[in-house]
């Protein structure tokens, strides 16, 4: 009996080391950033079983077998649709400003189509204004409405949007709603999901959380886009979820969320529609390619309309494009660069680009919330402050709530707005969307919004920052080490 237990013990030990070695080899063989690999190895060696389970659950990009097959199957028809769209030559821009030229060339070469022109844009910075405008557009819809949000939180004006959407479905408008399973858990536990389906709305729970399949699909891969398309002509996107800030996370201690949304009319709605159709097919298997844009761009629209490139990220879309776009934007800056983000955990490349811009004389400002709803990200972001301040970057800490706006403005003319946070999860993991806008008028509007944020912020003093307590520095470095995983 003693011999039996000895053999079993040795087999368990051998199996343990084989498992550790196998996971280590798998991490090393994957194409990933060195800091990310080192962070995973440290976790696995310090907490072996917990680390291995965490890595198998969250360490690799698993879309799931069924979704991966759908993504492969949809590409030929999507590619044909994009090729056919090129026949609508009147919607594509032929020239761009000098500051936007490099970025638009990058987007065109990687996505296969140029930016679209003749769009009319309106920036909305108040949640009530966003929802009232959306309700009006829903009430005037004639054919179809498509929506996708990371979070839909019942309560307040979000319920009025839901009521207007159900009324539209009852009068014959084809309504589709896709919500992330994790982000919108409160919605799916409420009566609203059943009420909407009973009204005729197609409601899809995207990337459904299922602990029984935790090793078959990455659970923290999330549908993070916020988009609305109406009649293939009106579109919304930005940082705002379908929540009323007065009812959302009131016990988080960070104040009301502050967001920005863009309301658009024009061909950009078609570009966003193809992104939505891909998401819908990956999730449901149903193909809903949008029709070509039924618009004739008049001369005055061509002269005054905004030129926009739509960049989507996530499985099935050009890899690393949003990250490349941010790098290109930073390196294109000549006068000033302003960034706003709630979560700041940049890649080494992006951090280097931001610091280099400041060191070559560009006026660089980053606006972050003073209080963050994520303790981990809050501490990790502080670990980058010393290097940024040393390079001459201005760091503004917003004190008017949780600044949730994601925006970049370069030289007053090139703008990026959308759903992308400046962290690893948004840059390389989630389904995200960003608009790249080449227009000085829109840039002026965005600059006014960012100036308002700065007026409600405190400029971080580099002299005081270096005097912070030792325990804070240690905590920052600890979270900095694990920043590639956040």
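Yeah, the Cβs are placed from backbone N, Cα and C, and that goes for glycine too.
Copied over from Swiss-Prot, here are the features:
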TRANSMEM  3-23  transmembrane segment
TRANSMEM  38-58  transmembrane segment
DOMAIN    219-246  domain 'PLD phosphodiesterase 1'
ACT_SITE  224  active site
ACT_SITE  226  active site
ACT_SITE  231  active site
DOMAIN    399-426  domain 'PLD phosphodiesterase 2'
ACT_SITE  404  active site
ACT_SITE  406  active site
ACT_SITE  411  active site
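All features noted in Swiss-Prot, drawn onto the structure.
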| residue | record | DSSP (3 states) |
| --- | --- | --- |
| 224 | active site | coil |
| 231 | active site | coil |
| 404 | active site | coil |
| 411 | active site | coil |
Restricted to the domain 'PLD phosphodiesterase 1' (219-246), the mean pLDDT of the model is 93
Starting from the Cβ of residue 404 (active site), draw a 10 Å sphere and report how many other Cβ atoms land inside it. 24
Going by Cα-Cα distance, pick out whichever of the active-site residues 224, 404, 406, 411 is nearest to residue 231 (active site). 224
C-alpha of residue 411 (active site) to C-alpha of residue 224 (active site): distance in Å? 28
Between the Cα atoms of residue 224 (active site) and residue 406 (active site), what distance do you get, rounded to the nearest Å? 13
Its Cβ having more other Cβ atoms within 10 Å than any other among the active-site residues 231, 411, the winner is 411
Here the 10 Å Cβ neighbour count for residue 406 (active site) comes out at 24
Residue 226 (active site) and residue 406 (active site), Cα-Cα, nearest whole angstrom: 12
Given a separation of at least six residues and a C-beta threshold under 8 Å, show me what packs close to residue 226 (active site) in the same chain. 148, 149, 150, 236, 237, 238, 239, 240, 241, 242, 261, 419, 433
